[in-house]
Amino acid sequence: MTVNITSISTSSNGVWQGDNPLDFAFPLLIVQTTLILALSRFLAFLLKPLRQPKVIAEIIGGILLGPSALGRNQNYLHRIFPSWSTPILESVASIGLLFFLFLVGLELDLSSIRRSGRRALSIATAGITLPFVCGVGVAFVLRKSVDGADKAGYGTFLVFMGVALSITAFPVLARILAELKLLTTQVGETAMAAAAFNDVAAWILLALAVALAGDGEGGEHKSPLISLWVLLCGAAFVIFMMVVIKPAMSWVARRSPDNHSVDEAYICLTLAGVMVSGFMTDLIGIHSIFGAFVFGLTIPKGGGFAERLIERIEDFVTGLLLPLYFASSGLKTNVAKIRGLEAWGLLVLVITTACAGKIVGTFVVAMMCMIPARESLTLGVLMNTKGLVELIVLNIGKEKKVLNDEMFAILVLMALFTTFMTTPIVMTIYKPVRTHRRLRDFSNVDSSKYDLRILACVHGPGNVPSLISLIEATRSAKKSQLKLYVMRLVELTERSSSIIMVQRARKNGFPFINRFRRGQSQDRVEVAFEAYGQLGRASVRPTTAISSLSTMHEDICHVAEEKRATMVILPFHKQWKGEGYESMENMGNGWRGVNQRVLKNSPCSVAVLVDRGFGSGPQQTLGPTSTVIKRICILFFGGPDDREALELGARMAEHPAVKVTVIRFVEKDGSDSKDIILRPSPEKSNEQSYSFSTAAMDRRRRRWASSLNIH
C-alpha cells in the first residue's frame with residue numbers, strides 16, 4: 001500500500017472518534033519504542049548469565065522484530081513497522097546516536113592515549129592494518145559474488161569493507177572488560193589503550209569513506225576534487241574545533257566548579273553545540289556524528305563540568321534513544337536475503353577473515369612486545385570486539401547505498417558473532433591460577449625478605465578513619481614492611497559512562513564513586529590516604545573495583561591474587577554514626593552478599609571490619625609516638641581462622657600504643673551444650689522473630705570469621 005507521508009498526522013483524535021492510533025505518527029512511535037525496549041531488556045536479562053553486552057540484546061531484538069522473524073507476518077509488519085514510519089523512527093534514533101557519539105568523545109581522553117606508550121600504539125596499529133588489508137581482499141570476492149555489490153564506486157566499496165573489518169568498538173570492549181574483571185589488569189589497560197587508538201583511527205577512516213562515498217551509486221564517475229574538498233573542509237573543521245572551540249569550552253568548564261551546580265545556560269549552550277557541530281559536518285559532506293564526536297573531544301575531561309553533562313543526558317540517550325538505533329539496524333537486517341550455500345559461505349568467509357585479521361595481527365605484535373602468549377591471545381580476542389561502532393559504519397554504508405541488503409545482513413551477522421564470541425573465549429583462555437596465602441605462613445620467615453601486603457576495601461569516606469587506625473596498629477617496625485592497596489568499591493550500573501571512572505583512576509588512583517557529591521567524597525578519601533602514605537607509615541597504592549554487586553567479589557579476589565595480598569579487609573555492611581554511635585546506616589544486603597562471597601572465594605585471609613567509632617573520635621588515629629592506648633581483645637576458640645587472628649594480634653602487640661589481650665575458650669570435659677538456652681535481650685533488640693541453631697565445630701576445618709575486638 002502506497003502512503004503519502006505528507007498526509008500522515010502527528011496525533012489521533014482517539015478511538016471514540018473512529019481513529020486508529022497506529023495510523024498516526026506519534027502514537028505509533030510510542031508503541032514501537034515500548035516494544036523495542038521491552039524485548040531488548042528481556043533479551044538482555046536472558047543473556048546476562050553469559051555476560052553479553054547490552055548491544056547484543058538490542059541488535060537481536062531488532063532482528064526478531066524485523067523481516068527476519070516476526071516481520072514475515074505482513075499484517076504485523078505493515079501495522080507496527082510500516083514503511084512510512086521508518087524515517088520517523090530513524091530520525092529519533094539518530095538524535096540519540098548524535099548525543100551518544102558526543103558522550104564517546106567526552107569520555108575519550110586524548111592525553112591518556114598519548115601516555116599509553118608504544119606498546120599500545122603498536123598493538124592498535126597491527127590490529128587495524130592487517131584487518132583493513134584483509135577487508136580489502138574480501139571486498140574483491142564479495143564484489144564479484146554478491147548481486148548489486150558492484151553498483152557502488154570501487155574505491156568507496158573497498159574502503160568501507162576495510163573499515164568494517166578493522167574496527168574495535170571501544171565502549172563495548174570497556175563493558176566486556178568490566179564484566180570479566182579485567183578492567184584494572186595489565187591486559188585490560190593495554191586493550192583499552194589500544195582500542196582508544198583504534199577508535200580515533202576508525203573515525204578518520206570513516207570520514208574518508210563517507211567523503212569518497214557521496215551518494216554511493218555512481219561514485220566512480222564523481223570528480224575526485226569533490227572528495228578532496230570534503231576531506232580538506234573536514235580537516236579545517238577539526239582544526240577550528242581544537243584551536244577555537246576547545247579553549248572556549250575550557251573557559252566554560254572553569255566557570256563551573258566541581259562542587260557546585262553548572263549554570264543552566266552552559267548546559268544548553270553545550271547541547272546546542274552538539275547539534276550545530278553535527279549540522280556542520282553534514283553540510284561539509286561527512287556524517288553528522290563525526291561533528292558530535294569531535295565536539296565531545298573539546299570538552300575538558302577533568303573537573304565537574306564533564307560529569308554534570310554526563311549526568312544530564314546519559315540516561316535518556318543510552319536508556320531510551322540508543323536502543324532504537326540498534327533495533328532499527330536489526331529491523332533493516334533481513335537474514336532471508338542470504339540465500340543459498342554460496343551466500344552462507346561468504347558469511348563464513350567474512351567472519352573468518354575478520355577474526356583472523358584482528359586476532360593474528362594483535363597476537364603477533366603483542367608477542368613481539370614481550371607479552372606472554374596467553375595474554376597476547378586474550379588481547380587479540382578482545383580487540384576483535386565489534387558491535388556498536390561497527391553498526392554505525394554499516395548503517396552509514398547502507399544509507400549511502402554502498403551496501404545492499406544482502407551485504408548489510410552478512411556484515412551485521414558478522415558483527416553480532418564476533419562480539420558474542422568475545423566473552424566465552426576470553427573466559428576460557430584467561431584463567432589466572434590462584435594460591436591461598438595466610439599471615440601465619442610468614443611467621444617463621446625472615447621479615448626483611450618479604451612485604452606484608454594488605455588489600456583494604458572502602459565504600460566511602462566513612463570507612464577511612466577506622467581503616468587507617470587498624471592499618472597503623474598492624475604496622476610493625478620489627479617485622480616486614482607494609483604495602484597497603486586501597487580499593488574503592490564502585491557498583492557498576494548499566495550506564496556506559498561508568499567506564500570513565502577507570503580512566504580517572506589511572507590519573508589519580510581513585511574512581512569517582514557516586515553521582516551525588518562525588519567530587520567531595522573523592523577528595524576526602526584521596527587526601528586521607530595520600531597524607532598517610534606521605535608520612536612514611538606505609539606504602540599506599542590505590543586500585544579500583546568497578547563491578548555489579550553480584551560479581552564484585554570476583555574483582556576483589558582477582559586483585560588480591562594479582563597483588564599477592566596476604567589479607568583482605570572488608571567494611572561491614574552496617575555503619576554506626578552519630579554521637580554515641582546510636583544511629584546505624586545499612587548499606588544493604590547486596591554489600592552483605594559481597595562480603596560473604598569474598599569470605600568464600602578469597603585467595604588469602606579475610607577480615608571484616610565492624611566500625612563502631614574506632615579512629616573516628618579526636619586523637620584516635622594511632623601513630624608511632626601516640627600516647628593513646630588501644631586495647632585489643634582476641635577471642636580464641638581454636639581453628640585456622642582464630643590462629644590467623646592470633647597472628648595479626650601478635651603483630652599489633654609490637655606497636656607501642658597497642659595493648660593486646662587474648663581470651664582462650666577451652667571446652668570442659670563432660671559438658672553438654674544441650675543445657676544452654678539462648679534468649680534475645682529485650683532491652684537491646686527490637687527484632688520480632690528470632691532463630692537460633694547450634695552445630696558441632698570441627699576445629700581443623702573451621703572457616704568462620706574470628707573475633708577481634710578493638711576498644
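Residue numbering: from 1, along the chain as shown.
Any Cβ shown, glycine's included, is placed from N, Cα and C.
Beyond the ends of the transmembrane segment (24-43), by six or more residues, the same chain brings 8-12, 54, 57-58, 60-62, 64-65, 80-82, 85, 88-89, 92, 320, 323-324, 326-327 to within a C-beta distance below 8 angstroms of the stretch. Marked as transmembrane segment by TrEMBL: 24-43 (among others).
Taken from TrEMBL, the feature domain 'Cation/H+ exchanger transmembrane' applies to 40-426.
Sequence-distant contacts of the transmembrane segment (55-71) (same chain, at least 6 residues past either end, Cβ-Cβ under 8 Å): 35-36, 39-41, 43-44, 46-47, 77, 80-81, 169, 172, 322-323, 326-336, 387-388, 391, 412, 415-416, 419-420. Feature annotation from TrEMBL assigns transmembrane segment to 55-71 (among others).
Residues or ranges marked as transmembrane segment by TrEMBL: 91-108 (among others). Taking Cβ pairs closer than 8 Å, the transmembrane segment (91-108) reaches residues 29, 170-171, 196, 199-200, 274-275, 278, 288-290, 292-297, 299, 301, 306, 309-310, 313-314, 317-318, 320-322, 324-325, 327-328, 392, 496-497, 499-500, 503 in its own chain, all 6 or more past its ends.
Per TrEMBL, transmembrane segment is recorded for 120-142 (among others).
The transmembrane segment annotation in TrEMBL covers 154-178 (among others). Beyond the ends of the transmembrane segment (154-178), by six or more residues, the same chain brings 51, 53-55, 104, 107-108, 127-129, 131-136, 138-139, 142-143, 188, 191-192, 194-196, 198-199, 202, 205-206, 208-209, 212-214, 216, 219-220, 350, 353-354, 357-358, 382-390, 393-394, 397, 400, 402-403, 411, 419, 422-423, 426, 492, 496, 498-499, 502, 546-547 to within a C-beta distance below 8 angstroms of the stretch.
Residues or ranges marked as transmembrane segment by TrEMBL: 190-214 (among others).
Per TrEMBL, the feature transmembrane segment maps to 226-245 (among others).
The annotation transmembrane segment is assigned in TrEMBL to 266-296 (among others). With a cut-off of 8 Å between Cβ atoms, the residues of this chain six or more beyond the transmembrane segment (266-296) that come close are 94, 97-99, 101-108, 203, 206-207, 210-211, 214, 226, 230, 233-234, 237-238, 241, 245, 249, 252, 255-256, 305, 308-309, 312-313, 392, 396.
Annotation source TrEMBL lists transmembrane segment at 347-373 (among others). Sequence-distant contacts of the transmembrane segment (347-373) (same chain, six or more residues past either end, CB-CB distance under 8 Å): 119, 122-123, 125-127, 129-135, 137-138, 141-142, 165-166, 168, 190, 194, 338, 379-381, 383-384, 386, 410-411, 413-414, 417-418, 421.
The transmembrane segment annotation in TrEMBL covers 407-430 (among others). With a cut-off of 8 Å between Cβ atoms, the residues of this chain six or more beyond the transmembrane segment (407-430) that come close are 50-53, 55-56, 59-60, 63, 142, 146, 149, 164, 169, 172, 176, 179-180, 182, 187, 329-330, 332-335, 337-338, 343, 346-347, 350-351, 354-355, 374-375, 377-378, 381-382, 384-387, 390-391, 394, 397-398.
The domain 'Cation/H(+) antiporter central' annotation in TrEMBL covers 481-620.
According to TrEMBL, the feature domain 'Cation/H(+) antiporter C-terminal' maps to 632-664.
Assigned with DSSP, the residues of the domain 'Cation/H(+) antiporter C-terminal' (632-664) fall into helix, strand and coil as follows: 14 helix, 12 strand, 7 coil.
Mean pLDDT of the predicted structure over the domain 'Cation/H(+) antiporter C-terminal' (632-664): 82.
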